[in-house]
Amino acid sequence: MGACCSAPPVSEAYRPGQPIRILILGLDNAGATTLLYRLKMNKMIVTVPTLGAVEETIGWGGDEITFHDLGGTDKLRPLWPMYQEGMHGVIYVVDAADRASVSTSRQELRRFFRAATELHNAPLLVLANKQDVEGALSPEQVRRELALDDLSCRTAQVAACSAVTGRGLREGIDWIVREIKNPSPSPRRSFTNFPGRASITRLVRAAGPSSNRV
């Protein structure tokens, strides 16, 4: 369904009117590709693990977003930083129902940002997927487990979502698009539950990126 793509060329920071380019990362089975096709087709599509890179362009309001979905197997993760050039933001998908995988998710996210220095000022959206599964970690728990306050990115948000129902996904994409087009004036970390839940949004202020962050 998607077209395999090579690493995009270098581009400047986002300029009004240009297409938005966003990386989608996550461990295998986290649901990144399923979420991408939920966005594109507005329904649940059964997918197979991504073995390379898939590119999909989606109209979003008055904007055009090109998503670059990269495979999450252990052999492909070291290649993630190769795709940093020309990107405006990063979406990192976590299987919130698989607590055993969160430690690996944290390690891979930190390794990515150590290498992807061009994205330290780009917004990071963490999608805490599989919230339809009983016992899934909450966005606040995912934020703590990933140690986002110590990550060398300027602005991050963890959003609850479900690829099965589509719930929470639109709110997350709306956030990252806003941050790309109109960056927050100060560094922040936040987490968002499904609309209607208690503590819908809470901000956790964080120091800006520094050379000793990973």
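Any Cβ shown, glycine's included, is placed from N, Cα and C.
Among the candidates GLY72, GLY89, GLY166, the residue that TrEMBL annotates alongside GLY26, LEU27, ASP28, ASN29, ALA30, GLY31, ALA32, THR33, ASN129, LYS130, GLN131, ASP132 as binding GTP is GLY72.
In sequence order, GLY31, ASP95, ALA96, ALA97, ASP98, ALA136, SER162, ALA163, VAL164 constitute the residues six or more apart from LYS130 (GTP binding site) in its chain with CB-CB distances below 8 Å. Our reading of the GTP binding annotation (GLY26, LEU27, ASP28, ASN29, ALA30, GLY31, ALA32, THR33, GLY72, ASN129, LYS130, GLN131, ASP132) yields a largest Cα to Cα distance of 22 angstrom. Each of the binding-site residues ALA30, ALA32 was assessed for Cβ neighbours inside 10 Å, and the highest tally belongs to ALA32. For the recorded site, GLY26 (GTP binding site), the DSSP three-state label reads strand.
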